[in-house]
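The structure appears below as structure tokens.
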């Protein structure tokens, strides 16, 4: 009986810790300590995307790749040192992830007005929201109050970031382990409407898969031969590659998903109905995307006395 009582007490303590951690995050976290933080970040993000439209997708992806490894702690921004194996060189990030300098520039601007107050992890989260809004996607209330990690893990990044060749069951499992549902996964994948992929990631699909539209494959083959041009980029959405909309889902329903990990979302499986819903209802997609981004932003948080506020996002203080 005593053991059972002890176990219940322990679970209650864990619940309280979780609730306390979540309660520390708030959209108004910096209203007193740095009231112009979010507007300063917004200006930096808008300027970066105005110079490079692709940066919108890159910043959303950067937030995703940060949160899936050790949680939303800005570990993805840390450079290699004698004690840190940088996540920048993980398979899912190397020569692929972008936007590090944009976050660093935003951090520099915030440091000028509020030194040592705003975390790099929060800047990544705000940047993703501002990137979405700038290109026509949803805006949503970003909860703030994260602190920055003092470590990074290339090993975890290699193990936990989804890959372009994965099947539906594997993808659902990966997201479930992070507390995200299949609907969250499909909604978050909708941001691919802005993205681009390198030839080597979709070559197998356009040359060897049967569930691909013939005309679509033929168009993609022009820039992605069977051999060579591995790093040549192609938009994931040929129709409106620079706008955040629901064309990604319409493409999937026509077998025009560029990556295998995209097309498996509509291929006779459990997520077909969600893709179909989002293709018909862009408002529902936008709403679910915002909710999923907020939910993803809660993964593995460092708050309070945990972690630190890094003065430079690429290095531990």
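Using the three backbone atoms N, Cα and C, a Cβ is placed for every residue, glycine included.
Note that the coordinates shown come from a computational prediction; the quantities given were computed from them, not determined experimentally.
Per TrEMBL, the features are as follows:
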ACT_SITE  65  active site, proton acceptor
BINDING   66, 69, 71, 73, 75, 87  Ca(2+) 1 binding site
BINDING   162  substrate binding site
BINDING   192  heme b binding site
BINDING   193, 237, 240, 245  Ca(2+) 2 binding site
DISULFID  34-114  disulfide bond
DISULFID  67-72  disulfide bond
DISULFID  120-313  disulfide bond
DISULFID  199-224  disulfide bond
DOMAIN    24-317  domain 'Plant heme peroxidase family profile'
SITE      61  site 'Transition state stabilizer'
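Here the features listed in TrEMBL are painted onto the structure.
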residue: 61; record: site 'Transition state stabilizer'; CB count, 10 Å: 22
residue: 65; record: active site, proton acceptor; CB count, 10 Å: 23
residue: 87; record: Ca(2+) 1 binding site; CB count, 10 Å: 27
residue: 114; record: disulfide bond; CB count, 10 Å: 15
residue: 120; record: disulfide bond; CB count, 10 Å: 30
residue: 162; record: substrate binding site; CB count, 10 Å: 17
residue: 192; record: heme b binding site; CB count, 10 Å: 25
residue: 224; record: disulfide bond; CB count, 10 Å: 25
residue: 245; record: Ca(2+) 2 binding site; CB count, 10 Å: 19
residue: 313; record: disulfide bond; CB count, 10 Å: 24
Close in space, distant in sequence - residue 34 (disulfide bond), Cβ under 8 Å, 6 or more apart: 110, 113, 114, 117, 118
Shell of the Ca(2+) 1 site beyond 66, 69, 71, 73, 75, 87, same chain only (C-beta within 8 angstroms of their C-beta centre): 65, 67, 68, 70, 72, 74, 76, 149, 152, 153, 157, 300
Cα-Cα distance linking residue 67 (disulfide bond) and residue 73 (Ca(2+) 1 binding site), given in Å to the nearest integer: 7
Among 67, 69, 72, 199, the one of these recorded positions whose Cβ has the fewest neighbouring Cβ atoms within 10 Å: 199
Intrachain C-beta neighbours of residue 240 (Ca(2+) 2 binding site), sequence separation six or more, cut-off 8 angstroms: 193, 247
Lowest local Cβ density among 66, 73, 237, which the record lists as binding-site residues, within 10 Å: 237
Distance, the residue listed as 'active site, proton acceptor' to residue 162 (substrate binding site) (CA atoms, angstrom): 9
Inter-residue Cα distance where the pair is residue 237 (Ca(2+) 2 binding site) and residue 69 (Ca(2+) 1 binding site), in Å: 27
Residues flanking the Ca(2+) 2 site, with Cβ no more than 8 Å from the Cβ centroid of 193, 237, 240, 245 and excluding those residues themselves: 194, 239, 241, 243, 244, 246, 247, 248
Protein Cβ atoms within 10 Å of residue 71 (Ca(2+) 1 binding site), excluding its own: 20
Tertiary neighbours of residue 75 (Ca(2+) 1 binding site) (same chain, Cβ under 8 Å, six or more apart): 66, 69, 87, 149, 151, 152, 153
